[in-house]
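The structure appears below as structure tokens.
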Amino acid sequence: MERNKLARQIIDTCLEMTRLGLNQGTAGNVSVRYQDGMLITPTGIPYEKLTESHIVFIDGNGKHEEGKLPSSEWRFHMAAYQSRPDANAVVHNHAVHCTAVSILNRPIPAIHYMIAAAGGNSIPCAPYATFGTRELSEHVALALKNRKATLLQHHGLIACEVNLEKALWLAHEVEVLAQLYLTTLAITDPVPVLSDEEIAVVLEKFKTYGLRIEE
């Protein structure tokens, strides 16, 4: 797909992320795999003011085009693509319930079968590191090895998928799961969970059932 169309999709995803209540202000960032690198949102520009010309290209060596500044979190986007060859889009936000669970430094367990949408029986919580650092990108790469989404301790959420629509859908789904988890934790701890065997059945069914969006 041509660059301007991808840039427009990135902007639309940012605006939809805000509309869904997953983000606010200039927090969060969105990227898509492009050529040997990626296109990513810039730093410090409110989503409603973004234009296609603001979107930044970063090559496979981590060098961004002149005259533009990418999101400070570009390193963990790059790490996500390196860790997940199947991913073509990454969404990061500071959704309230996901961030609350990340403050507890807990993974989201198999409280609901939709946990399998992230690729396993839980959604991990990557250890804290300062935003924008190589250390954080290393934590992200490890957490995403076997999952499509991870919480970031004291920070937020990352979701990656084959395209932007699926990545945003997954981010929204994880926020709902985080809300369910916190609601259940208010009643009992530990919370009841589905077994690994039950999640394995769901994972198998998800191979032929799920969000149908053109790649």
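For all residues, glycine too, the Cβ spot is worked out from N, Cα and C.
The record from Swiss-Prot ties H92, H94, H155 to Zn(2+), and of the options E66, E73, E135, E175 it ties E73 to that site too. Note: the Cα of S71 (substrate binding site) and the Cα of H92 (Zn(2+) binding site) are spaced 11 Å from each other.
Cα of E73 (active site, proton donor/acceptor) to Cα of G28 (substrate binding site): a distance of 9 Å.
Overall, the recorded substrate-binding residues G28, N29, T43, G44, S71, S72 cover a maximum inter-Cα distance of 10 Å. H94 (Zn(2+) binding site) and G28 (substrate binding site) have their C-alpha atoms 6 Å apart, to the nearest angstrom. In space, G28 is the closest of the binding-site residues G28, T43, G44, S72 to H92 (Zn(2+) binding site), judged by Cα positions.
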